[in-house]
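Each remark here refers to the structure printed beneath this line.
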Amino acid sequence: MRLTVELIQNSLSYINPLKDRELDLRDNDISSLGNFPFFPRLRMLLLARNRVRQIQPSLANSIPGLTTLVLTANNIAELADLDPLRNLTKLTHLVLLENPVTRKEYYRLWIIWRIPSVRFLDYQKVKDAERAKAAELFGTATEPTALASKILGVKSRTFDIPSGGAADQPPPEKRLRVKLTDSERKRIEKMIREAKSLQEITRLERELNEGRIPGGALDGAGNDGDQMQL
């Protein structure tokens, strides 16, 4: 199951006692962490007890201000699978308990080295001695050791399988894919970036899923740009 705007809308989002914007997505069936709308004010993301095994490389572009990420009891398996988190430059608190990756050799030192902004890992403060040991083992970002290069080369092969099986998917002959020109694609991306609400993003996503090009994105008036391909 992928994260959708509808799921975000239906989840708890509030200001916590620390005055931070918090989004609670615990106890869902999410397998891929990504597909967020632009959410610059989000500070805390709770994702415990999902099925997350993949983190999209573009995650930091959508939630650049994230400081706390709780991924307890998910399915992340390899150290390199966590690499997209290093682009969350404000991430200080990370929880990965009850993921297969925590059983990997060098797990804690790897996170400390690869995501240097993290100050608390699995509720334990990162110590200066740990940072020094991590640097000794893995080198620097520009000059990694052979061990670091080896770890970076091992990633999980991930597939997004719907939780309800094949019945959740429409038959192949019913799936519509919109043909977009480069200019139409850029306009749609701009419309999503400049959307003022989640409802507006939902509308754009729904129109695309239904095989329609949102108004304002078509090339020219009366253009037949909303042709659909079965």
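Placement of Cβ uses the backbone N, Cα and C atoms for every residue, glycine included.
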> Can you say which of 171-190, 211-230 is given as region 'Disordered' in Swiss-Prot?
Replying inline: 211-230
> Hey, which bits of the same chain come close to the domain 'LRRCT' (99-137), Cβ under 8 Å, at least six residues off its ends?
Replying inline: 71-79, 81-83, 85-86, 88-93, 145, 147-148, 151
>> Is it possible to list how many residues within the repeat 'LRR 1' (19-40) are helical, extended or coil according to DSSP?
In response: 0 helix, 6 strand, 16 coil
>> Looking only at the repeat 'LRR 3' (65-86), how are its residues distributed among DSSP helix, strand and coil?
In response: 8 helix, 3 strand, 11 coil
> How many of the residues that make up the domain 'LRRCT' (99-137) does DSSP mark as helix, as strand and as coil?
Replying inline: 22 helix, 4 strand, 13 coil
> Mind checking which residues reach the repeat 'LRR 2' (41-62)? Cβ under 8 Å, same chain, six or more beyond either end.
Replying inline: 1, 16, 20-35, 68-77, 81-85, 87-89, 95, 156, 158, 160, 163
